[in-house]
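Enquirer: Below are the structure tokens for one structure; questions will follow.
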Amino acid sequence: MVLYTTPFPNSCLSALHTVSWALIFPCYWLVDRLIASFIPTTYEKRQRADDPCCLQLLCTALFTPIYLALLVAALPFAFLGFLFWSPLQSARRPYIYSRLEDKGPAGGAALLGEWKGTGAGKSFCFATANLCLLPDSLARLNNVFNTQARAKEIGQRIRNGAARPQIKIYIDSPTNTSISAASFSSLVSPQGGDGGAKAVPGSIKRTASVEYKGDGGHRPSDEAANGPAPGDLADSGSLEDACIIRISGEEGGRPPEAEDPATGSQARNGAGGGSKGQTPNHSQQDGDSGSLGSPSASRESLVKVRAGPDSGGGGEPGANSKLLYKASVVKKAATRRRRHPDEAFDHEVSAFFPANLDFLCLQEVFDKRAAAKLKEQLHGYFEYILYDVGVYGCRGCCSFKCVNSGLFFASRYPIMDVAYHCYPNGRGGDALASKGALFLKVQVGSTPQDQRIVGYIACTHLHAPPEDSAIRCEQLDLLQDWLADFRKSTSSSSAANPEELVAFDVICGDLNFDNCSSDDKLEQQHSLFTRYKDPCRLGPGEEKPWAIGTLLDTSGLYDEDVCTPDNLQKVLESEEGRREYLAFPTSKSPGGGQKGRKDLLKGNGRRIDYMLHAEEGLCPDWKAEVEEFSFITQLSGLTDHLPVAMRLMVSAGEEEA
């Protein structure tokens, strides 16, 4: 399949579209700024309360007449541009594909050679997030602002979190039964070229936070929000063999010794560095524990190991010689990663996106300029990106579409096929956006017989108004039908093209319903959940005890208790904190506002962001099992949703037998 790298089939149409949008944009920008000036966020309200001279109010009063005058002058040009722009949308392609080729060891071509479908298996990591990258005036309705700056900051945080090297630190202690969140992916089995895992003896009690520094280093406050920048690891050489540190005995006993790095876990390094500019309300506190580079972690440091010829720990000469690993045990009561006695996988609230993130599905990336900034940042880690997904105008849908679908996809593995469908039954404000589903087929490996190993991913965003359960159920029906058609149309089984082996089938996105509200019973009982498994769900209306909501209470986004990734992480680990800062099902009773009834609420908030995986329809004798699941706080203060991540282990049943 040919992937579209431009929105129009020829340069003439592209040029005409550029001119028409240039005529429209000044009017669009002025309307956005004019409305935004009258919708302050809670952060801005606090600033105004501390401003005795009322300078912000004076600026608003001064610029409003200027905006109005310019808007009146821009209207005729916008109308002329619209006359050209609207018919052009019938020829517009439904997405833009971007590839920034990476020929290094972390590039897509190199990744395909890592797994041949044999050995103990291969893990793949998925993440999804709703970013609320709307025009600024609309974003403020969700109490977030400065869309362009947020897009850049979000991209930096995701990239830096995913590009962290994987370091395994095991502590064998009968008194420690928890694992800190800074090492979300530290339990991933080390994999060689064929995914062969290396067993580590002994029970795993706790993994410690890790600080990474290059020769120059950077500020701890930046690391607390973004994680270590991949640029800091550029001079460290190959990270294919990262060291493992084992700590034995009682907590507070003798200092541990480093193991031979040859038995270490695998680490991958993302490309690109980048500045860490922050919006005013996203500054980090140096005292945040659990963050990489926090002083509290430094004070509790138990071991320092330098990998390479200087280490004295038996490492290979020259390997990782410039990388300093500082392992720190955070001895606070709050535990980050837990494994429920009846659960087969690890789960946690994490302050960072998982290391070695393979696939990223995003929603509400509606603003085109924000999407371009986000793409630029994420290309420092992801080689393949799809953005500006959706349709405009009247094409393909029943009503006029003012904005795209808001869907955005990034991958480290090559994309083979793409399809997009717009939901035709949107209503009200949602009908103005081309909400739909994006279907992708990716190649993740090949067998010794040259059979392609592929995976299917669907990214979607359902209808939002809470009273429209029937519309969401219809959209779930369409989602299943479209996905079945996509798999059928893209499958290859001819003699010229050997049969492909399907490793995974994943659906992720913002479904706009939860599994605890009585008003969402129709969606909770949908047949989608019989075909696809939700790792956080026991059954209709019943969540697993460790699952928490992903929708934040927007009124508290800028509170000091939750304004940093570490602070939000700590808050969400307590039931009291979740009641205070997560959104819960609304009450239909008079005066039943959320703030007044939180003491009576049960559960852990509204989880409306989902990651589902299929257990059927894969390669015979293969199985995909959840290895890790996390709720991520790294985007605190930047969006009103919690991102979620899931790591699947795909293994061949015959090999294990």
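Using the three backbone atoms N, Cα and C, a Cβ is placed for every residue, glycine included.
What TrEMBL shows for this protein is this:
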- 212-222: compositional bias 'Basic and acidic residues' (COMPBIAS)
- 283-300: compositional bias 'Low complexity' (COMPBIAS)
- 347-627: domain 'Endonuclease/exonuclease/phosphatase' (DOMAIN)
- 210-237: region 'Disordered' (REGION)
- 249-320: region 'Disordered' (REGION)
- 12-31: transmembrane segment (TRANSMEM)
- 66-85: transmembrane segment (TRANSMEM)
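Map the listed features onto the structure and describe their local environment.
Expert: Summed and averaged per residue, pLDDT over the domain 'Endonuclease/exonuclease/phosphatase' (347-627) gives 89.
For the transmembrane segment (12-31), same-chain residues at least 6 beyond its ends with a Cβ under 8 Å from one of its own Cβ atoms are 6, 67, 70-71, 74-75, 77-78, 80-82, 84-85, 88, 91-92, 135, 137.
Remote same-chain residues near the transmembrane segment (66-85) are listed as 16-17, 19-24, 26-28, 30-31, 33-34, 37 (criterion: CB distance under 8 Å, separation of at least six residues from the stretch ends).
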